[in-house]
Amino acid sequence: MTPALAKELAHYNSWMNKKLYYAVRTLSDAERKKDRGAFFKSIHGTLNHLLVADKIWLGRMTGKPFSVAGLDQGLHSDFAALEQDRIVTDKAISEYVAGLSEEQLAGTLRYTSIVNPEPKEFELWFAVAHFFNHQTHHRGQVTTLLSQHGIDVGITDMVFMPRDHG
């Protein structure tokens, strides 16, 4: 993981979240919240989990912990509020990775998970890679749930994102 790759992944994260939320906005609140058998039950539940996890990981990496009772803790029942928090969080992610150096990425991240209270320790580059991989995993679940509604999010491959972000 290099600082340049971290910046590209943050840009991809933001680009995909905008596309995903745009598509999800076409559903009614009931359709967004209907249990579809996904791990976090619904589209709304999955998007909420992704936001919770991003805030947890960002807090670990910045040294500003984000405390929740569980990975499925509801942050926002209102979709517009969830989307606004997503936008703010994506901006914070981009700002964080913009300041990363090779030295920082080679450093160590220590934390305790809410899932398993045993202390963990990883190189920061590995944690950043996991952070962005986790996002892709759950966005893939949401695109599957949307396709079951006949909604096509469009191209999701990183090589097709606009690269005019500087």
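Think of each number as a place in line: the chain as shown, counted from 1.
In case you wondered, yes, glycine gets a Cβ from its N, Cα and C as well.
Any TrEMBL annotation is an automated prediction that lacks curation.
Residues annotated as divalent metal cation binding site in TrEMBL: His49, His134, His138. According to its DSSP assignment, His134 (divalent metal cation binding site) is helical.
Taking a C-beta cut-off of under 8 angstroms and a sequence separation of 6 or more, His138 (divalent metal cation binding site) has the following same-chain neighbours: Phe40, Thr46, His49, Leu50, Ala53. Note: the divalent metal cation site is recorded as His49, His134, His138; in the same chain, Phe40, Thr46, Leu50, Ala53, Gln135, His137, Arg139, Gln141 also have Cβ atoms within 8 Å of that site's Cβ centroid. DSSP classifies His49 (divalent metal cation binding site) as helix under the three-state reduction.
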